[in-house]
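Here the structure comes first, spelled out in structure tokens, and everything after it is commentary.
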Amino acid sequence: MMNYRTSIYVVLSLVIFLNVQRSFVAESSAKRKVHIVYLGEKQHDDPEFVTESHHRMLWSLLGSKEDANDSMVYSYRHGFSGFAAKLTESQAKKIADLPDVVHVIPDSFYKLATTRTWDYLGLSAANPKSLLHETNMGEQIIIGVIDTGVWPESEVFNDSGFGPVPSHWKGGCETGENFNSSNCNKKLIGAKYFINGFLAENESFNSTNSLDFISPRDLDGHGTHVSTIAGGSFVPNISYKGLAGGTVRGGAPRAHIAMYKACWYLDDDDTTTCSSADILKAMDEAMHDGVDVLSISLGSSVPLYGETDIRDGITTGAFHAVLKGITVVCSGGNSGPDSLTVTNTAPWIITVAATTLDRSFATPLTLGNNKVILGQAMYTGPGLGFTSLVYPENPGNSNESFSGTCEELLFNSNRTMEGKVVLCFTTSPYGGAVLSAARYVKRAGGLGVIIARHPGYAIQPCLDDFPCVAVDWELGTDILLYTRSSGSPVVKIQPSKTLVGQPVGTKVATFSSRGPNSIAPAILKPDIAAPGVSILAATTNTTFSDQGFIMLSGTSMAAPAISGVAALLKALHRDWSPAAIRSAIVTTAWKTDPFGEQIFAEGSPPKLADPFDYGGGLVNPEKSANPGLVYDMGLEDYVLYMCSVGYNETSISQLIGKTTVCSNPKPSVLDFNLPSITIPNLKDEVTITRTVTNVGPLNSVYRVTVEPPLGFQVTVTPETLVFNSTTKKVYFKVKVSTTHKTNTGYYFGSLTWSDSLHNVTIPLSVRTQILQNYYDEN
């Protein structure tokens, strides 16, 4: 029998419940939007039970089972607990007040961020002792890709010679428009699609008339392209119209691919977009299916959200994936060269910057004075003999308007450009300026265009058989001076040729987003760099391509290169954690290119690359297989990190599924065991702790070498680390002090542990801040 206090509680609960029901019913006609209700770590292993609990929560608040079913978009039930549902703003606020709910936030959208890459990085298929052969090219490793889908007919998904599907694979091949289970094989072992979040936010979307396929099939080509880079099979004799010829393959060519399509083409806007709700569901399914590596070439824009904020769906999903042993690799973004633009900055994600290759597409321009200038283009049409060259400008005796600015060529009269090669200048950072200039000139009857622009922006294919050649402003000015000084200037354009090797330097791409990390300045981002400029890989047969292959540029292309390397490392070291894999990649990276030359960062002006451009450096796959020491981390480290940056204990507890109490005083974020040290606000001195784990020879002795940042003193204690059968982990302290007396920018150095076989290097990035939290505009 109930006592008086219990009876009162029941009555009050019923009253509150009925009032909530009534208010929810009254709001049913209000505008509903997709909201993600994040509940943290799942409390039950049975996914059906988890989903039922989600429906019960919605049912109790919406008033009926039918309304709950209509509202539900997704149930996240494998890697973590939560759901996406269509709710009014008021309904979302009420659900957010429930004690089991960590966050409720509106759905958000993400945007999409080879033949030479692997030979350039030293990952040779011809060397029988290489990492490729030591790991049997990634066999039995599953790379999950979240993107625009897959074109299964491409030869890069050929499963010839493949053994059985890995026993830990639990996924499947989902059917849909122009896609059925027969499109999967032993290479492409899984394909699923997630569209509910996209549909809920785009009610006018007409799936019948849409160009996109309502299935795992790729329309855009982006998903097929990045899958090729990560794990595509060998396809010989591939080129782009005769350029960049060779064998296309992925980093782990015998790894298995699972595609999770979460990005969709919106016909009305002519854009491809990815709902956070769909991405989270794709990650949830990938965790269930058994992927070993997740490759995500998507990103949001700054300002960023914190790591426990569900608004960054990739960060939240990645946290749960990493705790399950899945390495998550993400693109760093294409908003460079400005600082503070890098995205996907969570400390459990490997964030990737993009570099050029040692390859260019030289296009000879011969002026009438016999001077030869090597421009850049992807022009494979017939050579153009000596032809009149013009820079549209007012000669001083005309009332007509002339412009040599590329964007304004359309305002020139046709007779200005007809039958000529046109020189123009642009300050635009975008490849579209090149294409637009070519269109204007061709429309006017011109025969070619030379575009002078800032160096560093990726060369793109132009109009078919129409020469559009890029030069920098310096060379463009040389051509302009010749044009002005000659009575009858002419130019000859020859087809482009592929140059490979030492004459072509490696650079961090202009578009590659830069650090420092805007959300957590003590966490170095990006982590690592990989080639991402003019990468030749497979695409769909619905896109402009050659032989079903196309060249694309972006950190989207760099991230899957690291995913391929991570797959090889996982195949070689099955017991390594995602943090150990990241450490091995970062600490063994090249600080120079493979030929020993300095790596520059493109921009205005170009400069020597530093950790905010490329993290630890340019990935060195062979060295990463045997790093000697690793900076490892697990759940306890991530909890200490979240405590150190001020996240509340309740959020952390729900995130990890168990009670968390942060220490008082709270730990220092500088002690987070990253393979880097970044100090954003040093006033006088600080001492930092790191722990390294020996993964090399059992009995090893390492000695430290420090290259201190300019104006800083760095002391390491102890200076020697000794490992044996009983000592596999050792911690050391790093004391950093500044001699600067004013607020400074960042200075860079490095710390290296060396034995006779290994050099384990981490970057140091330090800024003096005598006056804290101060913005200086002077």
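Heads up, residue numbers simply count up from 1 along the chain you see.
Just so you know, glycine gets a Cβ as well, placed from its N, Cα and C.
Here Swiss-Prot flags 1-22 as signal peptide, drawing on sequence analysis.
Over the domain 'Inhibitor I9' (34-113) the predicted model carries a mean pLDDT of 90. The domain 'Inhibitor I9' feature in Swiss-Prot is assigned to 34-113.
DSSP assigns ASN69 (N-linked glycosylation site) to a helix in the three-state reduction. Of all Cβ atoms in the shown protein chains, 12 besides its own fall within 10 Å of the Cβ of ASN69 (N-linked glycosylation site). If you look up Swiss-Prot, you'll see ASN69 (among others) marked as N-linked glycosylation site.
Feature annotation from Swiss-Prot assigns domain 'Peptidase S8' to 117-625.
Note on ASP147 (active site, charge relay system): other Cβ atoms within 10 Å of its Cβ, all shown chains, come to 28. What Swiss-Prot records for ASP147 (among others) is active site, charge relay system, and it gives sequence analysis as the kind of evidence.
Taken from Swiss-Prot, the feature N-linked glycosylation site applies to ASN158 (among others). ASN158 (N-linked glycosylation site) counts 17 other C-beta atoms within 10 Å of its own C-beta, drawing on all protein chains shown.
Sequence-distant neighbours of ASN180 (N-linked glycosylation site) (same chain, 6+ residues apart, CB-CB distance under 8 A): CYS173. Annotated N-linked glycosylation site per Swiss-Prot: ASN180 (among others), in sequence order.
ASN202 (N-linked glycosylation site) falls within neither a helix nor a strand when secondary structure is assigned with DSSP, and so counts as coil. The Cβ of ASN202 (N-linked glycosylation site) has LEU266 as same-chain neighbours under 8 Å, each 6 or more residues away in sequence. What Swiss-Prot records for ASN202 (among others) is N-linked glycosylation site.
Proximity of ASN206 (N-linked glycosylation site) to non-local residues of its own chain (separation of 6 or more, Cβ distance below 8 Å) is seen for ASP267, given in sequence order. Summarising the annotation, Swiss-Prot assigns N-linked glycosylation site to ASN206 (among others) and lists sequence analysis as the type of evidence.
Spatially close to HIS222 (active site, charge relay system) yet at least six residues away along the chain are LEU112, ASP147, THR148, CYS263, THR272, SER297, LEU552, SER556, judged by Cβ distances under 8 angstroms. Summarising the annotation, Swiss-Prot assigns active site, charge relay system to HIS222 (among others) and lists sequence analysis as the type of evidence.
Summarising the annotation, Swiss-Prot assigns N-linked glycosylation site to ASN237 (among others). Mapped onto three states, the DSSP output places ASN237 (N-linked glycosylation site) in strand.
Marked as domain 'PA' by Swiss-Prot: 388-483.
Annotation source Swiss-Prot lists N-linked glycosylation site at ASN399 (among others).
When secondary structure is read from DSSP and collapsed to three states, ASN414 (N-linked glycosylation site) falls in the helix class. Cβ-based neighbour count (10 Å, all protein chains) for ASN414 (N-linked glycosylation site) stands at 11. Feature annotation from Swiss-Prot assigns N-linked glycosylation site to ASN414 (among others).
Cβ neighbour count for ASN541 (N-linked glycosylation site) (all protein chains, 10 Å cutoff from its Cβ): 10. What Swiss-Prot records for ASN541 (among others) is N-linked glycosylation site, and it gives sequence analysis as the kind of evidence.
Swiss-Prot lists SER556 (among others) with the feature active site, charge relay system. According to its DSSP assignment, SER556 (active site, charge relay system) is helical. The number of other Cβ atoms within 10 Å of the Cβ belonging to SER556 (active site, charge relay system), over all protein chains shown, comes to 30.
Taking Cα separation as the measure, ASN648 (N-linked glycosylation site) is nearest to ASN69 of the glycosylation sites ASN69, ASN158, ASN414, ASN724, ASN759. Local packing around the glycosylation sites ASN237, ASN648, ASN724, ASN759 was summarised as the count of other Cβ atoms within 10 Å of each Cβ; on this measure the leading residue is ASN759.
Using DSSP to sort the residues of the domain 'PA' (388-483) gives these counts of helix, strand and coil: 33 helix, 20 strand, 43 coil. Straight-line distance linking the Cα atoms of ASN158 (N-linked glycosylation site) and ASN759 (N-linked glycosylation site), rounded to a whole number, equals 39 Å.
In the three-state DSSP assignment, the secondary structure recorded for ASN724 (N-linked glycosylation site) is coil. Checked against ASN237 (N-linked glycosylation site), the glycosylation sites ASN69, ASN541, ASN724 differ in C-alpha distance, with ASN541 being the nearest. Straight-line distance linking the Cα atoms of ASN541 (N-linked glycosylation site) and ASN724 (N-linked glycosylation site), rounded to a whole number, equals 57 Å. When the alpha carbons of ASN759 (N-linked glycosylation site) and ASN414 (N-linked glycosylation site) are compared, the span between them is 62 angstrom.
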